[in-house]
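Beneath this line is the structure, given in C-alpha cells, with notes to follow.
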Amino acid sequence: MKSLKAKFRKSDTNEWNKNDDRLLQAVENGDAEKVASLLGKKGASATKHDSEGKTAFHLAAAKGHVECLRVMITHGVDVTAQDTTGHSALHLAAKNSHHECIRKLLQSKCPAESVDSSGKTALHYAAAQGCLQAVQILCEHKSPINLKDLDGNIPLLLAVQNGHSEICHFLLDHGADVNSRNKSGRTALMLACEIGSSNAVEALIKKGADLNLVDSLGYNALHYSKLSENAGIQSLLLSKISQDADLKTPTKPKQHDQVSKISSERSGTPKKRKAPPPPISPTQLSDVSSPRSITSTPLSGKESVFFAEPPFKAEISSIRENKDRLSDSTTGADSLLDISSEADQQDLLSLLQAKVASLTLHNKELQDKLQAKSPKEAEADLSFDSYHSTQTDLGPSLGKPGETSPPDSKSSPSVLIHSLGKSTTDNDVRIQQLQEILQDLQKRLESSEAERKQLQVELQSRRAELVCLNNTEISENSSDLSQKLKETQSKYEEAMKEVLSVQKQMKLGLVSPESMDNYSHFHELRVTEEEINVLKQDLQNALEESERNKEKVRELEEKLVEREKGTVIKPPVEEYEEMKSSYCSVIENMNKEKAFLFEKYQEAQEEIMKLKDTLKSQMTQEASDEAEDMKEAMNRMIDELNKQVSELSQLYKEAQAELEDYRKRKSLEDVTAEYIHKAEHEKLMQLTNVSRAKAEDALSEMKSQYSKVLNELTQLKQLVDAQKENSVSITEHLQVITTLRTAAKEMEEKISNLKEHLASKEVEVAKLEKQLLEEKAAMTDAMVPRSSYEKLQSSLESEVSVLASKLKESVKEKEKVHSEVVQIRSEVSQVKREKENIQTLLKSKEQEVNELLQKFQQAQEELAEMKRYAESSSKLEEDKDKKINEMSKEVTKLKEALNSLSQLSYSTSSSKRQSQQLEALQQQVKQLQNQLAECKKQHQEVISVYRMHLLYAVQGQMDEDVQKVLKQILTMCKNQSQKK
C-alpha cells in the first residue's frame, strides 16, 4: 500500500527544496554548468521565491552573471517575472549597471517599458546609476524616455539629480522633455543648479530649458544656482536671460541708432566716412573684458602727419561721438543700478567696473595721442559734457575739410579718410560690445528684481506668521525692526544718490577710474548724515572747479574755430609754456581733490565698519533681550491666569448664591401651586353649597310641575272617556283628536326637555359631590405636606453642604494653582540660575578646551622633538651598526689571524703565549658579541617605549610623568648637541 501511495503522490513543485538552495548557491558563485544541471532536475525552478523573496533568475541579473541568465532563458524561464518588491530582472540589471545582462534580457523579448511598484522603468535606474551603455541599449530598444514614476521623475531628472551630465546629454539628444517637472514642480535645470553641475546646466540651456519656470515653493533656477554658490552657473543663467530679453524686446539697438544719428548730425561728418563694423576678433573681446590688456600703441607716420595738421578735427569729432555713446550707455547702467537689489548689485557693479575701466583706459590712450600732437586738443578732452557743445561749433568746419587745410599739408584726403575709418570702426565695435554687455546687465538686474520681489513676498508671509502670535511684545519688536529697516533703506537710497553723483562726476572727468573701484561698492555702505553733507560739499566744490575747466575748454575751442577760419597763428613759446603750467596746476589740483575725496571715502568706510560692528553687537543684545522679553511675557501670562482664576472663583460663588435663591423661590412656588389657601377653600365650599341648594330647589319645582302635568293628563283622559260616552260627530272628534295629539306631542317634548335638564342637573350635582369629596380629601391631606416640607428642607441642606464642600475644593485647587505658579516661578528662577551656571561652565569648558589645545600643541611640538630625537637615535644606531660591522670585520680578521696562527702552531708547534693570546682574543670576541646583543635589546626596548608614548600622545593620553621624562630627555639631547 505504501508503494502505491508513493507512486500516486503528487509532488508539490511550489515548495522550496534542496535543489533550489543549490541553484541559488550556483548562481551566487556564477557556475553556469551547475545551474544547467540543476535546472534539468525535477522541482528546481529559476523563478521560485525563497523565504527572503529572492529568486535565482533575479539574483543572476543583480550579480551580472550573463552565462547563468543565458542558461535560464534557454530552459524557458519567465522573463517578465517579478520578485516580492516588484522588480523584474531587467530592473535589477539596470539598477546594478550590468549592460550585458540588459542586452541579453532585451534580446529574449523582455519588455523595456515594464514598470515596478514605484513606477520606474529600467531606464530610470540606468539613468540614476549613470551607466551610459545601459541607457544606450535601452533607448535602442525604444524604452519610454519621458515616462514618469510615482514621484513624477523622468529618467532625465534622475540623471541630473545624481550629476550624470553625459547621460543628460544623451537623453536630451534622444528627445527627453527639457521642461518636465516632478511632483514638487522642479525641472531638470533647477536640480542641475541645486547640485552645481555646470555641464548639465549648459546642455539643458542649449536644448531650450525655460529659465522662468517656478516650482511649488515659488523658486526658479536662478534661486537654486545661488544656493549652490556656483558663479559659473549664475553667469550662464544671467547671460541666457539677457539673450531671451534681447529677442523679446529689441528696442535697445534702435535707441543706440537714434543716439548715433544725433551724434552724427551734431558732428556734421559725411555718411561715407562710416565704414561697416568688422566681425569681432578674439583680441577685441579680450580688450573689452580685461582692461589690463589694453596698452597704448605707438602712432604710425601717416597718423602723425594727420594729427599735425588742421584736418585732424574729424577724428576728434568721431572720438567725441563714441564718448557720447559711452556716456549714454553708462547712464543707462546707472539707471539700472537704482532698480537692482542689494545682493545682485555687487556682481553687476563689478562687471561694470571692468567695462568702465577698459573704456577709461581706451580714452586715456586717445588723450595721450592728442597730447602728443596738440596740447590744446588734449585739454579739450578733459570734460565729457563739453564734447556736445564743441560738435555744433566744429560741424561746418568738418563739413569742409578741403577749404580749411593749408597748402603745406603733407597728407592726402584718402589717407585722412582711411585713418578715420579705422578709428570709427574700432570705436563702433567697442560700443556695440558695451551695449550688448549693458543689455545683459539689464536682464540680470530684471532677474534680480524678480528674486527681490520673491524675497519680499517671503518676508511678508513671515511677518504675517509673526503677527499671528499673541504676545504684544513680539509685535512691538517687529515694528521696531520695520522702523530700523526703513531707516536703513533711507540711508541706502541716500548712498545710491551719492553713487550716482559720483558716476556723473566720472563722466565730467573729475573721478579717476582707479577710484571707481572704491565707489562701486559704495552702495553697500550706510553713511551717517554728517558724512553725507561733508561729501556733498566736496562734490559741489569739485563741480564748481569742473565748470571753470569747462569755461577754459570753451575758450580753447573758440581759438580752434578762429584757427579754422584761416587765421593760422602759431602761439609763441612763452604762451604755450604758461598754458602748459596752468593745465598742470589744474591737473594737480584735481588729483589733490581726488586724493582728499578718497581719504574721506576711506574714513567713511572705517566708520561704517564700526557701525556694522555696533549693529552686530546690538543684534546679539536684542537676541538676549528677546529671551528676557519672552520670560516676562510668560510671567505676565501667569499673572493673567491667576487673575482669571480669582474672577472665575468669584463668579462661581455668585452663581451658587443665585442657585440657592432660585431653589428657595421654586420650593415656595411649588407649594403654592400644589395647595390652596383655607380662605379660598371656604369660599369655594360656600359657593358649592349655594349652587347645590339652588339645584335642589329647581328639582323640587320640576317635580311639582311634573305632578301637575300628570294631573292634567288624568283629567283629559276622563274628559275623553266622557266624550266617548257622549256621541260626537266625526269631524269634531277628529279635530279634538288632532288637537289632543298636538298637545300630547308638545307635552312629550316638554317632558323630554325637562328630563334632559334633570339629567344635566344630576350630572352637575354628581360633579359637585365629587368636588366635595376631593376637597374633603385635600383637607384631610393638608396636614401631610409638613413632612414632605421637612424632607425638602433636609435635601436642600444636603445640597448646600455639597456645594460648600465643592467651594472648599475649588478654593483648595486655587491654592494649589497658586502654589504651582509659585513653584513655576521658582523653577524659572532656578532655570535662570542653571543657565548662568551653564554659561559659567561653558566658559570654563572653553578655557579648558583652550588649555587642552595649548597642551595638544605642546604635545605636538614635543612629538616633533621626539621624532627628531628618534631620528638622531636612528643615526646613532646606524653609527653603532657601522661600528659593530667594523668590529665584526676585525673579529673576522682576528679569526683569520687565529686560523693562520693555529696553522703555524700546528706546523711550527707555537708556544704557550700564542695559545693564551688566542684565548684572550676569543674571550674579547664573545664579550663584544654579548655587548652587541644587549645593545640590540636595549634599542628594541627604547623603540617600543617610544612607539607606546607616541601612540598615547596621538590619542591625548600621555601621563605627566612621561611628559616630564620626555622633556628631560629632550633637554639632555639639546645639551649634548650644544656641547658638540
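Every residue gets a Cβ built from N, Cα and C, even glycine.
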(message) Looking at Ser327, Ser423, Ser910, which residue has the phosphoserine feature per Swiss-Prot?
(response) Ser327
(message) Using Cβ atoms and a strict cutoff of less than 8 Å, what residues sit near the repeat 'ANK 3' (85-114) while being 6 or more residues removed from its termini?
(response) 53, 57-58, 60-66, 69-70, 73, 79, 120-126, 129-131, 133-134, 137-138, 141-144, 147
(request) Just give the helix, strand and coil counts over the repeat 'ANK 3' (85-114), going by DSSP. (result) 16 helix, 1 strand, 13 coil
(request) Would you mind splitting the repeat 'ANK 7' (217-247) into helix, strand and coil residue counts from DSSP? (result) 25 helix, 0 strand, 6 coil
